Amino acid sequence: MGKKNSASPGASTSTRAKATAGERRPESAVDEVSGEEGSGSDGDEDDGEAQVGIKVPVAMWDFDHCDPRRCSGKKLARLGLIKELKVGSRFRGIVVSPKGKQVISPADHDIILKGGLAVVECSWARLDDVPFGKIASPHERLLPYLLATNPTNYGKPWRLNCVEALAAAFYIAGFDAYAERLLSGFGWGGSFWKVNRAFLERYKTCGSAEEVSAMQERIMDELEQSWEDSRRGKDRAPGEEEDLLVRNPNHQNIDSDSDSGSGSGSRENEDVDGSEGEGEDEPGPKSEQHEEPLSRNMETLAVAG
């Protein structure tokens, strides 16, 4: 799955990345997934091209909260791309966990190279059932602000599922090919890079967890400002014309300070509604979604997907 030179639909303000009013950042690492994610509609894809081999351990603690046929983690296991760990097992690499104290960053590259990457596969609704004290790793990490593109929670911030969480961590730490290999098993997988490209590329420019945290704050400030600007535009009196001599702030790129220069005010597949129907490989949110201000609950830096 190659990276496409998209207009970074998830990066622009029209991605509707804002959380709905009162929505709190989820505290779980993994979302419950829809039937599409484990069904034949995703396809255990084999396009005849040589697949990249993942040369570091990839693992998960699976608490069987999801239907095995609908779970992205279990699908990775069926594809031979992830190993299941027993509760109490110690993992020496990076673990994407809501109990992490710092956000993942490019500085974690060597830890993943030596020890691998793992995730906790559980339901947000059953966090109290997870014995986090028995999930042992010296390197627990959170994920920064990103948007889900799985069929269940397309366009929602923070609500990544298992494969999205692993892919996000691989991308940020500099293992792009491994991220793409994991996502290639899902028909909607390619949209994760397209929607989050501008965010991921900005995080990848950081040198430490502190810098990633600061970048996340900047991104969220920009999204919030853009939301406020768009609301002011909607509140303009009927017949009142915009001063065309002044640049419309709603048209600015979310990643205007990024070296890549990607991102625009448009989003592809705007007409896709994100419903859980058969054959929707790249679902999208309804146009009226996420019309409320960006959630600013910063009890934690971010939550792993």
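Glycine residues also receive a Cβ, built from the backbone N, Cα and C atoms like all the rest.
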Of Leu113, Leu143, the one that TrEMBL places in the same S-adenosyl-L-methionine site as Ser72, Val120, Trp158 is Leu143
Pairwise Cα distance maximum in Å, S-adenosyl-L-methionine-binding residues per record: Ser72, Val120, Leu143, Trp158
18
Cβ atoms other than its own within 10 Å of the Cβ of Trp158 (S-adenosyl-L-methionine binding site), all chains, total 27
Summary of DSSP states over the domain '16S/18S rRNA aminocarboxypropyltransferase Tsr3 C-terminal' (94-219), given as helix, strand and coil counts:
65 helix, 16 strand, 45 coil
Going by DSSP, is Ser72 (S-adenosyl-L-methionine binding site) part of a helix, a strand, or coil?
helix
